[in-house]
Each structure stands twice: as structure tokens, then as C-alpha cells.
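**Q** This is the feature table in TrEMBL:
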REGION    39-65  region 'Disordered'
TRANSMEM  230-252  transmembrane segment
TRANSMEM  272-291  transmembrane segment
TRANSMEM  312-332  transmembrane segment
TRANSMEM  338-356  transmembrane segment
TRANSMEM  398-417  transmembrane segment
TRANSMEM  429-448  transmembrane segment
TRANSMEM  460-480  transmembrane segment
TRANSMEM  486-505  transmembrane segment
TRANSMEM  517-542  transmembrane segment
Amino acid sequence: MAKAGSSMENNIQCELAEQGSPIVPSLIKYISSNEVAGFDTSDSQCPSPSPMESGATSPGGRSDQPLVIHHQRMQSVSMPLTSDEVIQPQNTKRVFFSGETVLIDGISSSSKGAAKPPHPSKCYSQPMAKDFVFPKARNGGSYSNHPGIKAFRDKRFDSFKTWSGGLERQLSILRGKSPKHPAHDPCSSFRNPDKNVPVDRYFDALEGPELETLRASEETVLPQDRKWPFLLRFPVSSFGICLGVSSQAILWKTVATSPSTEFLHISLKVNLILWFIAIALVATVFTIYILKFILYFEAVRREYYHPIRVNFFFAPWIALLFLALGVPPSVAKNLHHSLWYCLMVPVFCLELKIYGQWMSGGQRRLSKVANPSNHLSVVGNFVGALLGASMGLKEGPIFFFAIGLAHYIVLFVTLYQRLPTNETLPKELHPVFFLFVAAPSVASMAWAKIQGSFDYGSRIAYFIAMFLYFSLAVRINFFRGFKFSLAWWAYTFPMTGAAIATIRYSNQVPTIETKALCVILGLISTLTVTALFVSTILHAFVFQDLFPNDLAIAISDIKRKPHKKWFHLRHGSYDSKEIEHYLKFVNSDQVDIEASTTTQPSNFLDNSLPV
């Protein structure tokens with residue numbers, strides 16, 4: 001029994017010795033220390049085991065020392081190749097993972113039998129240095145024409161572009177290629193290129209007297225999380241700068257040539273310099289807005305259909321009329337009559353549209369859209385009459401003077417009484433009130449030119465302008481405490497017009513008081529224009545906040561669905577009516593909390609629960 005037990009123990013020890021510590025295959029040792037040859041490189045970067053090393057490290061060998069190969073791994077990025085660019089490796093050894101595989105002279109053998117060779121690989125990856133870049137990109141070049149980069153271009157402004165890909169599609173059709181249909185844009189549902197934004201959408205989506213503030217419940221077509229392109233942010237109201245500077249050229253021409261201001265000894269060179277500055281400014285603003293018209297026609301169209309912005313489309317033509325009035329004598333003494341007709345035809349066409357809407361009613365009726373900026377649509381008649389009378393015309397100036405006088409009376413009464421439908425102007429737009437002075441002051445000069453003297457009709461208009469001027473000037477607090485904006489240029493040409501009318505009046509009534517008034521009003525208007533011009537340059541180029549995103553033109557043409565009321569009470573209940581009554585008083589200009597919380601016995605009895 002003892003011999004049997006000892007033999008059994010020997011057998012167990014032998015089995016344990018055979019299965020005790022398994023030998024690590026040489027292939028795994030090699031993989032752990034280096035790359036597999038021919039796997040991640042076109043040229044073997046690391047030495048492969050020789051047949052002698054393979055035999056030394058094979059299971060049949062006596063040596064148990066691991067094979068150590070010193071190497072340095074290169075940082076690389078694997079780039080897949082196409083089937084045409086496959087690099088066929090040469091003198092590479094294939095590895096078979098079937099049991100304990102040993103490579104001997106390129107022939108695989110296994111203790112468990114040879115396995116079938118794998119299918120030949122079709123492509124190999126090539127190493128590329130980590131910091132490798134294209135030479136063009138290293139030198140700061142751009143890849144705007146690359147199709148992969150074009151796919152990531154911001155397309156949210158395409159709805160306002162003039163072509164929006166339509167030109168490319170037309171060219172593709174002409175070349176005989178089928179046009180590519182763009183992917184569905186979620187913003188495309190906000191804009192129908194064949195449909196104008198209805199006027200009621202401007203009143204529903206915007207608020208404020210100028211209809212420039214977006215309501216909190218509305219969304220815009222253009223993104224609000226970034227600054228828009230400059231042309232989209234350039235409004236038509238920028239022509240107000242041209243009105244202010246060009247009117248200064250008229251003022252200093254009048255000062256230099258009037259008998260009542262001869263004691264100042266002002267040279268016509270001042271008029272010449274200001275006139276050339278006005279020419280450069282008008283040309284710059286015209287060029288920018290024409291580019292906007294060409295590249296972003298949808299934005300211009302939305303400004304044209306805006307019930308308030310449409311009045312500023314008179315400003316470019318009024319600025320050109322000012323330039324014709326302020327032309328220096330050294331440049332031209334007599335202007336051709338055709339110039340007056342060319343400038344007044346666009347004004348007449350705009351008046352047919354604006355005045356027709358005022359008279360026909362609807363959402364664009366005067367009581368709905370009345371605003372001090374409507375004076376721009378009236379001032380053009382008087383400026384045109386003044387220029388025509390200066391050229392020697394008779395019937396045309398009287399025609400436009402009559403149209404301007406009739407509509408100015410209606411507009412003056414509408415704005416003066418401030419109907420309940422009109423909102424109070426915010427502080428930022430208080431300078432626009434000076435537009436009340438522009439029409440009567442220019443009308444007095446136009447009628448004096450038509451009649452040939454500053455008669456009683458001209459004096460009546462002049463005195464009205466002076467009263468409005470002084471009634472605004474004494475209210476100093478009315479024009480303090482607000483930020484700079486383009487609306488400040490509304491100070492300029494009405495004040496300049498009042499100064500010029502005072503000089504014309506002092507020619508008929510040459511007294512010390514009138515001459516002193518000429519100097520005071522002229523200095524005030526000049527200093528105002530100078531201060532505004534410097535402020536405009538600073539805000540445009542230094543602070544870069546002169547042209548913010550113009551949200552007034554980015555409203556959607558689809559009305560948003562109304563949300564349910566937040567209090568979720570049954571319709572017609574007493575609590576619902578009480579809350580609505582409270583919110584109505586809170587949102588009004590005169591906050592009366594006590595009146596809003598006053599109970600109404602009749603409503604309470606009607607909605608009380610039965611006993």
C-alpha cells in the first residue's frame with residue numbers, strides 16, 4: 001500500500017510539474033515589447049525576431065529568458081487608404097493566432113496543428129506625424145472652397161441674401177447638371193420669399209413708438225447669439241447723418257451771402273469745405289445702402305414695408321436736395337431744371353404710397369402709425385418747392401408746397417393730440433420732437449422764394465417754427481439721461497433750418513435782436529452737429545456699438561400660437577377677471593395698484609357660488 005501511495009504521489013507531482021507554470025509564448029512576449037511587423041507601418045521600424053531567436057524562445061527551447069528588444073515608439077496617427085493606394089508589404093511575416101504559434105523560417109507551426117492562413121488584407125494604414133498640417137494652412141491660408149468646410153458654414157443668414165443659392169442652381173441647370181436641392185432648413189419656415197410680411201405682424205411682434213423692440217414672446221428669423229453682418233445692421237435711418245451735414249453747407253452759404261450777416265465776415269470757403277464733406281458722406285452712405293440692396297434685398301424690403309421705417313426712404317432724396325441748395329457759387333451758379341425733376345420724381349412716388357395709406361385706412365392709417373418721423377415725408381415737399389423756386393420754376397414748386405401744407409396740417413393735429421392708440425416716446429427718441437420745427441421753418445423759406453419776399457404767409461410759418469423751437473428748448477430735462485443713438489441726428493437739420501429761416505427773416509427785419517438771434521441759433525446748430533459727428537465716429541470705430549442687431553427686420557412672417565394663460569382658471573370666473581384687471585393696471589403708464597385691487601360687486605355676485 002505504501003508503494004502504491006508513493007507512486008500515486010509521484011504521478012500527481014509529475015502532472016503538477018507539467019501544468020504548474022505555463023510558458024509564455026514568444027509571440028506574446030514580442031507583442032508586449034514591440035509592434036507587430038507590417039501592421040502599422042509601411043517600413044519596418046522595429047527589428048523582427050530572427051529564426052534563431054524564434055527557436056530560442058519557442059516552447060521546445062531550453063532558455064526561459066524573455067526576449068527584450070530596445071526600441072523607441074514613434075507618435076503617429078493612422079490614416080486609412082483607399083483600395084487603389086494599398087501598399088503591399090514585402091518581407092513581412094504573418095502571425096497566426098491558433099494555439100502556440102511559432103515562426104520558423106517564415107513557416108508557421110503549432111503544437112496543436114497548423115491553422116488556415118487568414119485572408120490577405122486589402123489595405124494598410126500609414127503613419128502620419130502628429131503635428132503634420134497642410135502647407136497652405138500652416139501659412140495662414142483658408143479653405144473656404146473646400147466642400148467639407150462649406151457644409152459647416154453658417155446658413156442662418158441665407159434667407160436674407162438676394163440669391164440664397166438660387167444663382168448657383170440656375171448656373172447648374174445651364175451647364176446641364178441637375179440642381180441640388182438643399183436640405184431642409186428649420187428657419188426656412190419663417191420666411192416665404194414670394195410673400196411680404198403683413199403690416200399686422202410688425203404691430204404684433206414689435207413694440208415701442210418706433211416699432212424696433214422685439215416682444216418677449218416673439219422669435220426672430222436671424223440668430224440673436226452673434227453679431228450680424230454689417231450690411232444687415234446698417235439701417236435706412238443712417239441717412240439722417242447726411243441731412244445734418246448737408247444742411248450745414250446751406251447754413252454757412254447763407255451766412256456768407258446774406259446782408260444781415262455781413263458783419264461776421266464769413267468766407268465761402270467754409271461752405272465749400274462743408275459741401276465736399278457732405279458729398280463724401282452722402283456717397284459713402286449711398287454706397288453702403290446700395291450694397292445692402294444688392295446683397296440683402298430681403299432686409300431692404302422689410303424696411304420698406306415697416307410702417308415707421310418707410311418714412312426714412314425720403315431722407316436720401318432730401319439730402320440730395322440739400323446738396324443742390326448748398327452748392328457753392330464757385331462750383332455752379334445755375335443748376336439745370338432737369339435736376340429738380342429727377343430728384344422730385346422719387347419723392348412724388350413715395351408720397352403716392354404713404355399718403356394713400358394714410359387716407360385709405362387699415363393698419364397703416366395715420367392714427368395708427370403717427371410718429372414724429374412722419375415729418376420726413378412732409379418736409380420733402382417744402383424742400384423741393386424751395387429748390388424749384390430758387391431755379392426759377394413756378395408751377396412745380398407751388399404744386400408740392402400745396403401737397404405738403406395739406407398733409408402737414410393733418411399730421412400736426414394727429415401728433416399734437418396724441419391719440420390713445422399712440423404710445424409715449426421713450427427718452428432715446430425725445431430728440432425726434434425737433435422734427436416739429438423742420439416743416440414750418442422750411443415752408444417759410446419756400447413760400448418767401450415763391451412770392452419773392454418774406455411776406456406775412458412766410459412770417460406766420462416762421463413764427464410757428466420759432467414757438468415750437470423754444471417750447472422744446474426750455475425743457476432741458478426732456479433731453480437728458482439717455483444713451484447716444486442715431487435718433488440724435490434729428491436735432492440737426494431742424495435746428496439748422498430754423499437758423500437759416502431766422503437769417504432770411506433778419507434780411508427783411510434787420511434789427512440787433514434778429515441779428516443776435518441769427519448768431520445764437522447758428523452757433524447752436526453748428527456745435528450740435530460737431531458734437532454729434534464726433535460722437536458718431538467714436539461709437540462707430542472706437543466703441544463699435546453704433547449699429548446693433550436690427551431686430552425690427554428679423555421678425556417671422558408666421559404668427560406664433562398664443563400660449564395658455566398662466567393662472568389656468570376657468571374662463572369668466574371672478575378670479576380670472578380680477579387678475580386680468582390687475583395686470584392691465586400694472587402694464588399701464590400710471591400704475592395704480594389700489595384701483596387694480598378694487599373689487600367689483602357686480603362681477604362678484606355674478607360669479608359667486610350658490611348658497
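Backbone N, Cα and C atoms are what each Cβ position is placed from, and that goes for glycine too.
Looking at the shown structure, can you explain where the listed features end up?
**A** Long-range Cβ contacts of the transmembrane segment (230-252) within its own chain (Cβ-Cβ under 8 Å, at least 6 residues beyond either end) map to 157, 160, 222, 266, 270-271, 274-275, 277-278, 281-282, 285, 288-289, 291-292, 295-296, 299-300, 303, 309, 312-313, 315-316, 318-319, 322-323, 325-326, 486-487, 489-493, 496-497, 499-500, 522, 525-526, 529, 532-533, 536, 547-550, 553.
For the transmembrane segment (272-291), same-chain residues at least 6 beyond its ends with a Cβ under 8 Å from one of its own Cβ atoms are 231, 234, 236, 238-239, 241-242, 245-246, 248-249, 252-253, 300, 316, 319-320, 322-323, 326-328, 330-331.
Within its own chain, the transmembrane segment (338-356) has Cβ neighbours under 8 Å at 310-311, 313-314, 317-318, 320-321, 324, 377, 380-381, 384, 387-388, 391, 393, 396, 400, 403, 407, counting only residues six or more beyond its boundaries.
Away from its own ends, the transmembrane segment (429-448) comes close to residues 209-210, 371-373, 375-376, 378-379, 382-383, 385-386, 389, 397, 401, 404-405, 408, 412, 415, 454-455, 457-462, 464-465, 468-469, 472, 478-479, 482, 487-488, 490-491, 493-495, 497-498, 500-501, 504-505 of its chain (Cβ-Cβ under 8 Å, at least six residues beyond either end).
A Cβ distance under 8 Å defines the sequence-distant neighbours of the transmembrane segment (460-480), meaning residues of its chain 6+ beyond its ends; these are 430-431, 433-434, 436-437, 440-441, 443-444, 447, 454, 495, 497-498, 501-502, 505.
Packing against the transmembrane segment (517-542) from elsewhere in the chain are residues 241, 244-245, 248, 251, 255, 260-261, 264, 484, 486, 488-489, 491-492, 495-496, 498-499, 502-503, 506: each is 6 or more residues past its ends and has a CB under 8 Å from a CB in it.
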**Q** Can you work out which residues elsewhere in the same chain, 6+ from the ends of the transmembrane segment (398-417), have a Cβ less than 8 Å from its Cβ atoms?
**A** 344, 347, 351, 355, 358, 366-367, 370-372, 374-375, 377-382, 384-385, 388, 436, 439-440, 443, 446-447, 450
